[in-house]
Amino acid sequence: IGKENPSSMKEFILLSLSENRVVQKISFVVFLLFYTLTVAGNLLIVLTVTSSRHLNSPMYLLLCHLSFVDVCFSSVTAPQMISGFLVENNTISFAGCIGQLFGLHFFGCTEVFILTAMAYDRYVAICRPLRYPALVSRRLCGRMVGVSWAGGFLHATLQTLPTALLPFCGPNKVAHYFCDVHPLLHLACADTRAESLAAVANSGIISLSCFLILVTSYVVILVSLRGQTLAGWHKALSTCGSHITVVILYLGPSTFVYIRPSGDLSKDRSVAVFYTIITPMLNPFIYTLRNGEVRGAVRKLCRRKV
């Protein structure tokens with residue numbers, strides 16, 4: 001088969017997490033439940049924050065955007081994966097594949113930047129509590145959110161365009177359950193070493209640098225707590241404990257996948273489940289269960305709806 005234009009590749013076939021039909025049926029039920037909990041839980045957080053007059057601090061504005069991004073991020077990959085458990089060949093059109101690639105990196109990178117902004121918010125709240133209203137205003141918070149969305153869009157564009165312009169002449173079986181840069185580079189009928197290095201430099205550096213910034217911020221917070229009472233330690237750790245948990249669950253696996261050149265894609269499939277499915281589902285429970293104000297606002301919202 002000779003080389004064709006990128007647009008001539010009509011569709012790709014996505015792999016399932018398992019080839020066993022019994023496992024696929026069980027996985028369909030499990031991941032459908034996970035996705036339902038993800039959408040319901042995160043939308044509940046968004047409705048709670050937007051409808052409550054008490055949850056108006058910058059932290060809750062960031063939490064609202066994080067929950068909205070989680071719904072979008074999970075919706076990019078989960079429905080296609082879940083429907084694939086019920087069919088023999090889980091196909092996706094070329095345009096759909098490129099759209100999924102863009103959405104994955106757009107919402108994924110936006111979430112990384114929002115988590116970084118939340119770390120700054122927690123640092124100021126714990127280490128500079130008296131200056132918190134001046135250092136973290138709603139106006140500044142709005143700007144950080146805007147920069148996060150713009151940065152995610154720029155990152156996704158830089159990841160998607162070079163991949164979409166590559167020639168694909170077959171085979172068309174993507175070694176993943178969603179379209180991502182490394183699996184698609186394996187299918188291109190061209191030398192993709194430059195694109196592979198660019199992908200690592202783009203996604204990998206963003207994930208690793210933000211992860212290091214977040215870890216450093218919490219080291220600074222812990223150092224600043226020296227000499228504090230046990231009650232002070234407990235209050236500080238309860239304030240940022242949920243954020244630390246989300247950072248580890250999301251940025252840990254994604255950094256592992258994107259910081260290294262494309263290699264064993266079967267490992268990438270297993271690790272990707274954590275940051276595309278598990279973490280977006282757990283976020284509402286992590287933040288709600290550890291935050292009394294959010295719990296109270298959720299109860300009021302539910303009573304009002306009932």
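Residue numbering: from 1, along the chain as shown.
Keep in mind that glycine also has a Cβ here, set from the backbone N, Cα and C atoms.
Marked as transmembrane segment by TrEMBL: 26-47, 59-78, 98-120, 140-158, 205-225, 237-259, 271-289. Annotation source TrEMBL lists domain 'G-protein coupled receptors family 1 profile' at 41-287.
This prediction places the mean pLDDT of the domain 'G-protein coupled receptors family 1 profile' (41-287) at 85. At the 8 Å Cβ threshold, with sequence separation of at least 6, the transmembrane segment (98-120) comes into contact with the transmembrane segment (237-259) through 3 or more pairs.
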